[in-house]
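Colleague: Have a look at this one.
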Amino acid sequence: MTDLTPREIVSELDRFIIGQRDAKRAVAVALRNRWRRKQLSDDLRDEVYPKNILMIGPTGVGKTEISRRLAKLARAPFIKVEATKFTEVGYVGRDVEQIIRDLVDAAIIQTRDYMREDVKPRAHAAAEERVVEAIAGSDARESTREMFRKKLKSGELDNTEIELELSDSSNPMSMMEIPGQPGANMGMMNLGDMFGKAFGGRTVKRRMTVADSYEILISEEADKLLDDEIVNRTALEAVEQNGIVFLDEIDKVCARTEARGGDVSREGVQRDLLPLIEGTTVSTKHGAVKTDHILFIASGAFHIAKPSDLLPELQGRLPIRVELRALTEEDFVRILTETDNALTRQYTALMGTEEVTVTFTDDGIAALAKIAADVNQSVENIGARRLYTVMERVFEELSFTAPDRSGDAVTVDAGFVEANLGELTKSADVSRYVL
Ligand SMILES: Nc1ncnc2c1ncn2[C@@H]1O[C@H](COP(=O)(O)OP(=O)(O)OP(=O)(O)O)[C@@H](O)[C@H]1O
């Protein structure tokens, strides 16, 4: 749970997402409301339900990104699901409750990671003792052990080979699924778990250097310190109180009055989703989960269907509507330069590993943004995702030859972009395939 104010949340989101002010503000308020709810007395707290959000906007403009970054900021369990998945052959009628079960699984992994961090110092100490024991033997005197400990700390033993007994985490049953029923093994009976328990405590002997062994040992020792029961309980609590479900393509499960065929199952999907959003209890193999306070962010382009085509009950459960606008060429310039994870930064860093110094000039960036915007217009508008294909193409030659060019400096200016991409963009037909 974060105690950031809405303004601070928006400013954090600004580091990664350009524009889309309304959507950022809406999710920031939703998150702050969770914090506000936590401050209330018990009886009132149970009465306050999250105000779910409907994000309306074309593909690739930041809907998922905003939600995912928000979840990260709040350390909230997060899952993205395509609503249309439940209309596909083989999925029709499939339990939408699986969404919550998957969210719980994600939360358990996340919780375990966070708790691992907490026990790391203790795990570190335990791992050190195991290395010392592997080198000095189990009956070494304390003074000998102390000497090895010192050497270990100074890195003198990094290349020493040791033999360790590690727990065998390979699970021969983990790949088993019931044919024709995707996911049918989950929730019913987990063979992996069953066999894991039956063969519990199996170990394998492995030889490796001290340096290599460290991470493995720390993670093994951390797992020993983590109580599964506590991890599960914390994860369930995190899902109930902080969970965020991102439901993409909700517009595709709308039944338009004039459309026919497939609509029964589409409206069916909305009906199935409704209890989850209204609040129900879902049983998972880790325990029951109440969905009342999970935040749902539904999203869709709504090119054909309109939000008013959703079932009225569903409309009522998605009271906050925000529109995200299509991205412009100017936005692309900003996305390429201003975000913390900007592609220009990423490519510069990647080429840096080959000792090739890459710099971008303003006209180079303008050329990249223009090409992305043009192709979006002439072929199909896939939003900021176009920048990925454009950049990959511009860097194709350099990516391949970089190892032979160590020490070189490369300037990505308008000329460079034209040389590597110019021809391709002249024809919409060619762009369709390569960009
Ligand atoms: N406004 C933006 N600022 C910075 N990056 C963006 C922006 N919009 C999209 N991107 C980048 O483009 C990619 C696709 O965006 P995202 O996944 O959010 O699309 P979306 O709007 O959810 O579309 P869809 O509904 O098709 O999934 C992401 O990698 C994201 O970082």
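Yeah, the Cβs are placed from backbone N, Cα and C, and that goes for glycine too.
The ATP binding site feature in TrEMBL is assigned to ILE18, GLY60, VAL61, GLY62, LYS63, THR64, GLU65, ASP248, GLU313, ARG385. Residues or ranges marked as domain 'AAA+ ATPase' in TrEMBL: 49-324. TrEMBL lists 327-426 with the feature domain 'Clp ATPase C-terminal'.
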Colleague: Compute all pairwise C-alpha distances among ILE18, GLY60, VAL61, GLY62, LYS63, THR64, GLU65, ASP248, GLU313, ARG385, the residues listed as binding ATP, and give the largest one in whole angstrom.
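Modeller: Max span of the ATP binding residues, Cα based, is 34 Å.
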Colleague: Identify, among the binding-site residues GLU65, GLU313, the residue whose Cβ has the fewest other Cβ atoms within 10 Å in this structure.
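Modeller: It is GLU313 that, of the binding-site residues GLU65, GLU313, has the fewest other Cβ atoms within 10 Å.
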Colleague: Could you find out if DSSP has VAL61 (ATP binding site) as helix, strand or coil?
Modeller: coil
Colleague: Sort out the sequence-distant neighbours of LYS63 (ATP binding site) for me: same chain, 6+ apart, CB within less than 8 Å of its CB, listed by position.
Modeller: ALA23, MET55, GLY57, ASP248, SER299, LEU324
Colleague: Measure the Cβ-based neighbour count of ILE18 (ATP binding site), defined as the other Cβ atoms within 10 Å of its Cβ.
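Modeller: Taking all protein chains shown, ILE18 (ATP binding site) has 20 Cβ neighbours within 10 Å.
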Colleague: In three-state terms from DSSP, label GLU313 (ATP binding site) for me.
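Modeller: Going by the DSSP assignment, GLU313 (ATP binding site) falls within a helical segment, counted as helix.
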Colleague: Sort the residues of the domain 'Clp ATPase C-terminal' (327-426) into helix, strand and coil with DSSP and give the three counts.
Modeller: 68 helix, 8 strand, 24 coil
